[in-house]
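Reviewing the structure listed below.
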Amino acid sequence: MKLFIALVGLLALAKALPAVTHSKVLCYYDSRSYVRESQARMLPLDLDPALSFCTHLLYGYAVIQPDTYKLVSLNENLDIDRTHDNYRAITSLKAKYPGLTVLLSVGGDADTEEPEKYNLLLESQQARTAFINSGVLLAEQYGFDGIDLAWQFPRVKPKKIRSTWGSLWHGIKKTFGTTPVDEKESEHREGFTALVRELKQALIHKPKMQLGVTVLPNVNSTIYHDVPAIINLVDYVNVGAYDYYTPTRNNKEADYTAPIYTPQNRNPLQNADAAVTYWLTSGAPSQKIVLSXRLRSYLETGXDSEIAGVPPIHTDGPGEAGPYVKTEGLLSYPEVCGKLINPNQQKGMRPHLRKVTDPSKRFGTYAFRLPDDNGEGGIWVSYEDPDTAGQKAAYVKSKNLGGVAIVDLSLDDFRGLCTGDKYPILRAAKYRL
């Protein structure tokens, strides 16, 4: 009898305590890394050391066929052909990691063919139906646990660096109005809400299938996302609060690409806290919100010598490609760490970069090399490292958010080239949650 009373008491206590929620760690794998060369080439088997830290693995990216609006593989030879069969190679990882949820991610800026089709699809019930039917079939056929909509909406235009006359003309245009980025904003907002609702309806008899939304960077959620209408239909919303400054968007100025809070005298909306706050104040439960850390590092040339690299700085455009990813203006984390000064090198020794951390833990990390006496060789790079990823995870925990996303694993140090530890950025984010 005493045992029964004790059990009843424990049950009552358990009900009184708040439910324990487990933070999500969304790990994106960009399949385009499969065709890179040498140390940058990432195969499905390279994911193994990461998956014990991930709750979700998102395979990117599926794309929209322009003429039919069906969801198809970005690279059928890689994803579906029996030689590689990446789709099945990825979903088969669940056998070793039974708690892992594997989703197929759509768009993600990988779909470069006729990008206007993303808006056109939203305007047509028939197109949405074709997308949904083909998407659900594709996910089921290859064993995915659902779909992530990384929808390619039009982007907010970057700030331009203007001359005096240019600034005057810009002021005149603002006074009399300018052409909006998207002339059918309301229709596309309603269309995306309908897409989410209809896709959720198609999955309603498949209870294990999940549906997520990824907000790509520089997409204006106040325009395209009807938060109250979609938030209860999705398992998470992954907020992409990064890429505010890149060599592509701002080829004459460099700054922190993914600050948590607003640096002084900057756009108050270009930071993680502002992006998250919009969703929370619009009615999203905090546990539905996931914050992204993107591992792309942006390299620019022509750092101003007189300010010792302190951003924002004027630049001459993207820096030269690194030895692994081989993309102008973009570095992976191993390419960054290989350029940094280490204790065995003399301070300031060229061609290495000096790392500058942020003591406030609010803005991010950068590294730089001043120009030489001829004004050449200056470099400035904004990047995510284990410290900044950990700071974002700590922010997520302090706000009781749903988790973090790593975009993407191929740009982490998945070979352990920096210190010998594989996936140091992913690990740091996971440990701080």
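Note that Cβ sites are derived from N, Cα and C of the backbone, with glycine treated the same way.
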If you check Swiss-Prot, which of CYS27, CYS337 bonds to CYS54 via a disulphide?
CYS27
Express the distance between the Cα positions of CYS337 (disulfide bond) and CYS54 (disulfide bond) as a whole number of Å.
24
I want to verify one value. Collapsing DSSP to three states, which class is CYS337 (disulfide bond)?
helix
For CYS54 (disulfide bond), just count the other CB atoms lying within 10 A of its CB, please.
27
Among CYS27, CYS337, CYS418, the disulfide-bonded residues in question, whose Cβ has the most other Cβ atoms within 10 Å in this structure?
CYS27
